[in-house]
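Accompanying notes for the structure given below.
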Amino acid sequence: MTGAGATYLFGVYSKDIKSSLGYDQTTLNLLGFFKDLGANVGVLSGLIAEITPTWFVLLLGSGLNFAGYFMIWLAVTNRIAKPKIWQMCLYICIGANSQTFANTGALVATVSNFPESRGVVLGLIKGYTGLSGAIMTQIYLAVYGNDSKSLILLIAWLPAAISVAFMYTIRKMSLVRQPNETRIFYHFLYVSVFLALFIMAMTISQNLVSFSQRAYAGSATVVIFLLFVPLFMAIKEELNLWEMSKQPKVAVDDVKVDNMDHGQDQLVNPSSLEPKSKGKESCFANVFLNKPERGEDYNILQALLSTDMLILLVATFCGLGTSLTAVDNLGQIGESLGYPTQTIKSFVSLLSIWNYFGRIFAGFVSEILLVKYKFPRPLMFTLVLFLSCIGLLMIAFPVPGSVYVASIIIGFSFGAQLPLIFAIISELFGLKYYSTLFNCGQLGSPLGSYILNVRVTGPLYDREALKELAKKGLTRSAVKELVCIGSHCYRLSFIILACVCCFGATASLILVMRTREFYNGDIYKKFREGAQVVQPKPALPPK
């Protein structure tokens, strides 16, 4: 998943696309929309995952990643003739769509393997995706220096290589719960938090002090080592399980499930979770009437045409649409406010790091609050959207240094939205068609990006830039690149974004009211039915 977040680096290399190909901001935002379209419309990857093994999904995604971004690198470095705008849109859409294949392969397999810890594992997995932009920035500085055009080349080959290297290890498994499952998840969390803090320290240091190529290489080496620490932990755990398997087995067939109430860990028998066969049923049956209860397995049409899903789509249109617009324009926002290039890269890295913290927070904290206090996940989603409004207003009305704070707030809230959306969909509509439904749940995101980024933010920026040219007595044809400098460049557009985000939070509140009874119940009950209790390893007699 550290290779599945290359789209968050668009703010770093978008300046190279704009200058080398002579685009205005509206055209660049159109590219940003097609990036978001590819990154969020994962219905194809979801449908492919329904009928093919996970390794094939990951292999196909790696091919799309390399093909799309490699063509962009060839265009930006003038190794091919200048592509038409629609061709560049196609290239970035294909490259970004590879992200949905990695997401589908990893998320569906993991949620299926750990259904009672879905908030935790979604937070971890999406957390590494959010951190991937900062991770790849450290690697590209070590390999290519400050050549941001080469970052596009790194994005082309590195994620593709990662998917190919690990595609056979990611799969659905008929596993039972291990006694220390939660403890291992928290160990993974501690490692990832240390990794995020290290990258943040390096990002701040690199902005304050001039790093040599050797120093960049040292920083990247530590990052790569920390990425592999969870693998060492997993190997150690496998060795422990292997040692336990050599101990005499304890019969557990007659153990009652009531023991789970006493805090003992359980082994879940996957066969008990399979829905009872009811014979063949048309996909159009019971689409509008006689739908399943919340938490049961909806079919695809039942879920997509439900009121809950429509409200969720409106909220994601507003929340993810505004956040993506802010992320895609972050480079130009820094430029318009007079920040140097290195500082703008720091904004992108800070956004990526706090994107990670948002995902981890949403995953772990929402799971704890849900299990202990019945705190509904849609309510946390609502609070996150209201937080995002504050960050958007800080860009609309900037003060010295406010973009640092805004990038942290927007990154955190953007990151927190995704695990919450994916978990809510899995809880309301079941896991049977999860690979398709969670991808459908993101459909509001690219639509929001198109309307808010391409139709609102880009034209308003260009209008302000043209006003500046007119004051100088120049026309658009007199300059290759259309640039606006000043706090007014993004003011009106980000006021509009803040209002839209607030509307999305209000829509999410409606979902909270509709689902409050569901979340007050035991939403994981069916995953514990037919459970077996893990018997602790028998103590050896003293010698």
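A Cβ is built for glycine as well, from the same backbone N, Cα and C atoms used for every other residue.
Curation does not apply to TrEMBL; its annotations are automatic.
Annotation source TrEMBL lists domain 'Nodulin-like' at 2-234. For the domain 'Nodulin-like' (2-234), the mean pLDDT of the prediction comes to 88.
Positions annotated as transmembrane segment by TrEMBL: 55-76 (among others).
Taken from TrEMBL, the feature transmembrane segment applies to 120-144 (among others).
Per TrEMBL, the feature transmembrane segment maps to 150-168 (among others). Long-range Cβ contacts of the transmembrane segment (150-168) within its own chain (Cβ-Cβ under 8 Å, at least 6 residues beyond either end) map to 2-4, 6, 9, 12-13, 16, 54-55, 58-59, 61-63, 65-66, 68-70, 72-73, 76, 95, 98, 101-102, 105, 136-137, 139-140, 143-144.
Taken from TrEMBL, the feature transmembrane segment applies to 188-209 (among others). Sequence-distant contacts of the transmembrane segment (188-209), counting only residues of its own chain at least 6 positions beyond either end whose CB sits under 8 Å from a CB of the stretch, comprise 124, 127-128, 131, 134-135, 137-138, 141, 216, 219, 222-223, 226-227, 229-230, 233, 342-343, 346, 349-350, 353, 356-357, 360, 364.
Residues or ranges marked as transmembrane segment by TrEMBL: 215-235 (among others).
Taken from TrEMBL, the feature transmembrane segment applies to 309-327 (among others). Below 8 angstroms of C-beta separation, residues 8, 10-11, 32, 36, 40, 303, 333, 351, 381, 384-385, 388, 391-392, 395, 406, 410-411, 413-414, 417-418, 421, 424-425, 428-429, 440-445, 447-449, 451-453, 456-457, 494, 497-498, 500-501, 503-505, 507-508, 510-511, 514 of the same chain, each at least six residues beyond the ends of the transmembrane segment (309-327), sit close to that stretch.
Taken from TrEMBL, the feature domain 'NFD4 C-terminal' applies to 312-519.
Annotated transmembrane segment per TrEMBL: 347-371 (among others), in sequence order.
Among the features that TrEMBL reports, transmembrane segment is placed at 378-397 (among others).
Feature annotation from TrEMBL assigns transmembrane segment to 403-425 (among others).
As annotated by TrEMBL, transmembrane segment applies to 492-513 (among others).
Here the listed stretches are 55-76, 120-144, 378-397, 403-425, 492-513, and the one with the most C-beta pairs under 8 angstroms to the transmembrane segment (347-371) is 403-425. The recorded stretches the transmembrane segment (120-144) and the transmembrane segment (378-397) do not share 3+ CB pairs below 8 A when only pairs 6 or more apart in sequence are counted, and are therefore not in contact.
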